[in-house]
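Trainee: Feature table excerpt (TrEMBL):
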DOMAIN    134-221  domain 'Ig-like'
DOMAIN    226-304  domain 'Ig-like'
DOMAIN    306-401  domain 'Ig-like'
DOMAIN    404-482  domain 'Ig-like'
SIGNAL    1-20  signal peptide
TRANSMEM  498-520  transmembrane segment
Amino acid sequence: MALLLPLLLVFVAFATLCYSSPAGFTEGAGVLPDGLNAAVGETVMFNTTLTPTEKPFQSVNWNVNFSTTIIVVINSEESIGPEYEGRITFFTSTASLELRSLTLGDTGEYSVNIVQDGKIQHGRTILVIYEKVSNVSVTSSSTDLVEFNGSVSLSCSASGSSLSFLWLNGSSEVTASDRVQLTDGGSSLTIINVTRSDQGPFRCHVSNPVSTGTSDPVNLSISYGPENINLILSPSQGYFAVGSDISLTCSVGSRPPAQFKWFLNGDQLPDPGSELRLMNVNMSQSGNYSCQAFNSKTLRSQTSQPSDITVLGKSSSVKPSTNLPIEGTSVSLTCEASGSVFTRNWMKDGSDLTPTDNMILSDNNRVLTFNTVNRKDNGEYFCQISNPVSSDGAKYVMTVNYGPENVEIKGPNKINIKGTLKLTCSAESTPTARFTWFLNGTEILTNSAEYIKEEVEFSDSGNYTCQAWNNITERTSSSVVHGLTVTDQPSGCAAGCIAGIVIACCVIFAAAVGGGYYIYKKK
Ligand SMILES: *[C@@H]1O[C@H](CO)[C@@H](O)[C@H](O)[C@H]1NC(C)=O
Ligand SMILES: *[C@@H]1O[C@H](CO)[C@@H](O)[C@H](O)[C@H]1NC(C)=O
Ligand SMILES: *[C@@H]1O[C@H](CO)[C@@H](O)[C@H](O)[C@H]1NC(C)=O
Ligand SMILES: *[C@@H]1O[C@H](CO)[C@@H](O)[C@H](O)[C@H]1NC(C)=O
Ligand SMILES: *[C@@H]1O[C@H](CO)[C@@H](O)[C@H](O)[C@H]1NC(C)=O
Ligand SMILES: *[C@@H]1O[C@H](CO)[C@@H](O)[C@H](O)[C@H]1NC(C)=O
Ligand SMILES: *[C@@H]1O[C@H](CO)[C@@H](O)[C@H](O)[C@H]1NC(C)=O
Ligand SMILES: *[C@@H]1O[C@H](CO)[C@@H](O)[C@H](O)[C@H]1NC(C)=O
Ligand SMILES: *[C@@H]1O[C@H](CO)[C@@H](O)[C@H](O)[C@H]1NC(C)=O
Ligand SMILES: *[C@@H]1O[C@H](CO)[C@@H](O)[C@H](O)[C@H]1NC(C)=O
Ligand SMILES: *[C@@H]1O[C@H](CO)[C@@H](O)[C@H](O)[C@H]1NC(C)=O
Ligand SMILES: *[C@@H]1O[C@H](CO)[C@@H](O)[C@H](O)[C@H]1NC(C)=O
């Protein structure tokens, strides 16, 4: 046995030399599998394809790089190479070998020669040791970007050997294009002219034959806009009644969210925010509203088309040019309506107004002018106003002031002394005239239509004059003269009176007798 061992060693060495020639052999030839990969620190198993056997092999020789012996087993006696003490386990039933605590230096071509029943079997394989992928991380030149304004570089770093890089954009692989460059063996990703769709998340996937690693996702924040600005009115109409609540909303595409400014007819309003609420609107709030969006990152802004809002008044009125129209003067009636009015129609005393020569309608029926107003123009004038939110109207009752005219004095021209005198003066006038009385040119009474004098004297004879005055037209009538004579008839019963009574009695008696005779004759 002791003799046999050196002999076998010589044989094995010979066989090793023979097989070391690459001719006719490829990697993984014989009883060993194709190339093996393993990671630093791990364990590799060189399994032979031999059927397990109880019977020990005559000899087994494991070596690496055809130079360094790992283990030689002759008739169950193992001798292990010094570098491999404690790192290997030999499996006697299959001649397989386990190698532990791998280092990068363990890379090499491993071969085994086995003598069994006088037959030599051979195996060869290449083991490559890799450092595992670790610490995969991505750094970005910037994560805060503006669309269409620059490029960004993402760089992937990782520990490990023989690394391959792959970039993921969301779940799909990034491929190079005009815009997208992959450099430094794929570890650098450059996006030229970033767009909003480049937000990622980007991950770097690193691999080698023994492991893989993926970075944490990196999100790019890409600012864009404002764009597609739109001003929306709610309710969506242009005309609103006074007191309405209106909401204006400015919608815009922008990241980060835009800041808003509001304008009315080009003047900035103090209200911020994307919504402008106009509560209980009045007419002064009519006008062109627009909104402007500003993006503080892109430093770009956009202004909406103006939205024309018209606040229409509900109240209307008819205003005369004077409160006291005077006949013969010019008077105009103005149909006022707050806000925009679309149609105006005039009516008089309930029927459509038929303008006479004396009337002029102007300013789209807003103003009704009487060149010289006449009392025939008295009546109720109604101006009907229509606009998209209401139909409304206002009336005015016209009373034309005129006079005084046709002054008349009624009363006796003769009166007995001690009788009661009553004179009445009248005149056509609006408003009612005031009267002043004169006797023989001397004022005797003012402010009364009637002049009454009890127990007249002779001195009450004379020329009575009445003058009428209209405090609106400020006209005074021409005087009318009424002559009065006080006659000499007693009011107590003097001689003449008694004679009169006697005559009267005789007449009554005669009448009574005559009347009785007549009745008798008829019977
Ligand atoms: C080698 O054989 C062992 C035991 O039979 C088995 O557990 C292991 O998976 C095998 N390894 C390879 C690389 O085939
Ligand atoms: C085998 O040879 C290669 C290159 O010649 C060397 O890098 C490797 O370390 C060697 N392997 C061993 C186990 O000596
Ligand atoms: C991975 O990174 C950590 C800390 O950043 C470091 O301590 C460790 O050594 C790194 N590992 C490798 C394999 O480079
Ligand atoms: C960036 O891309 C947009 C459209 O994708 C293009 O309109 C613009 O001109 C580009 N800018 C530059 C600097 O290339
Ligand atoms: C990322 O994916 C989006 C679609 O999800 C695509 O539009 C964009 O161009 C991609 N960007 C890069 C740099 O691959
Ligand atoms: C990146 O974006 C995704 C969605 O696109 C989100 O779920 C994730 O939380 C973001 N990550 C970071 C760090 O912002
Ligand atoms: C109209 O409303 C605005 C805003 O509420 C207010 O400032 C203004 O004084 C109002 N104008 C009138 C005439 O009421
Ligand atoms: C609003 O703008 C329109 C045209 O855009 C113009 O015709 C109208 O007069 C404007 N209104 C006001 C109140 O400025
Ligand atoms: C766009 O890019 C130019 C040049 O890189 C830079 O000066 C400018 O500030 C950028 N604009 C914005 C809004 O970031
Ligand atoms: C008015 O004139 C008449 C006639 O001349 C005269 O009789 C009368 O006394 C006069 N009356 C007064 C109050 O002067
Ligand atoms: C009264 O009027 C008559 C005629 O109008 C006139 O002749 C007469 O002189 C007048 N009498 C007085 C006292 O004025
Ligand atoms: C005119 O006189 C009437 C009474 O006749 C009075 O009510 C009114 O106030 C007066 N008007 C003026 C303007 O003096």
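From the backbone N, Cα and C atoms, a Cβ is placed for every residue, glycine too.
Values in this document were obtained by computation on a predicted structure and should not be read as measured data.
I'm curious about the neighbourhood of these features; can you describe it?
Mentor: According to DSSP, the secondary structure content of the domain 'Ig-like' (134-221) in residues is 4 helix, 47 strand, 37 coil.
Looking at the domain 'Ig-like' (226-304) alone, the prediction's average pLDDT is 94.
Residue counts for the domain 'Ig-like' (404-482) under DSSP, split into helix (H, G, I), strand (E, B) and coil, are 3 helix, 49 strand, 27 coil.
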Trainee: Pull the DSSP breakdown for the domain 'Ig-like' (226-304) and write it out as helix, strand, coil residue counts.
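Mentor: Secondary-structure breakdown of the domain 'Ig-like' (226-304): 3 helix, 48 strand, 28 coil.
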